[in-house]
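*Asks:* Handing you a structure now.
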Amino acid sequence: MASPSVLKTVLSLRIFTLLALAASVVLMGLNNFKDDDGSKTKFTDLIAYRYVIASGVIGFLYTLIQIPFAIYNVIKEKRWIRNGFLQEFDFYGDKVMAFLLASGVGVGFGVTFELKRAFDEVFNDKAKKFLDMGNISTGLLLVGFVFMALLTILSSNRHSSSAKNGFFN
């Protein structure tokens, strides 16, 4: 069983992840502008930004599901479901989510920097602000990824310390 400080750290990291991903999704969802000719540009007009928000939403939902289990784990100092399922779910789920968030970060920063580099002189101030908001939203997704990456380290340590019949044991 993990120490109470590790359990509290896991809960804190899950809450920080949830907040960062929520902020990222909200900022990207509000990211739009109306051009001088009346045409409206939304985040959904860029497929890459749709991927950023989708990875943020999926990560948010996964973290939201994990928080009640983490709270129970901190309060009772034992797992809610004790057959090993939650530990495996943490171990593999955290890793999958970390990779998903990392790919969202790469896509978001990649498309924003390429558009700014290639079309900077063509874009007006509204379009530049649109891309800057995309960068900020992607930056918050990066923060969520860092917290999730720390969670993968903790879930790996907790998984390996309690493995009984693992592949290398």
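Cβ atoms here come from the backbone N, Cα and C positions, even for glycine.
Not measured: the values here are computed from a predicted model.
Below are the features listed in TrEMBL for this protein:
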type: DOMAIN; residues: 7-147; note: domain 'Casparian strip membrane protein'
type: TRANSMEM; residues: 12-31; note: transmembrane segment
type: TRANSMEM; residues: 51-75; note: transmembrane segment
type: TRANSMEM; residues: 96-113; note: transmembrane segment
type: TRANSMEM; residues: 133-154; note: transmembrane segment
*Asks:* Going along the chain, which residues at least six beyond the ends of the transmembrane segment (133-154) come within the CB cut-off of under 8 Å?
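*Replies:* For the transmembrane segment (133-154), the list is 6, 9-10, 13-14, 16-17, 20-21, 23-25, 27-28, 30-31, 43, 46, 49, 52-53, 55-56, 59, 63, 94-95, 97-98, 101-102, 104-105, 108-109, 111-112.
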*Asks:* Count up the helix, strand and coil residues in the domain 'Casparian strip membrane protein' (7-147) according to DSSP, in that order.
*Replies:* 114 helix, 6 strand, 21 coil
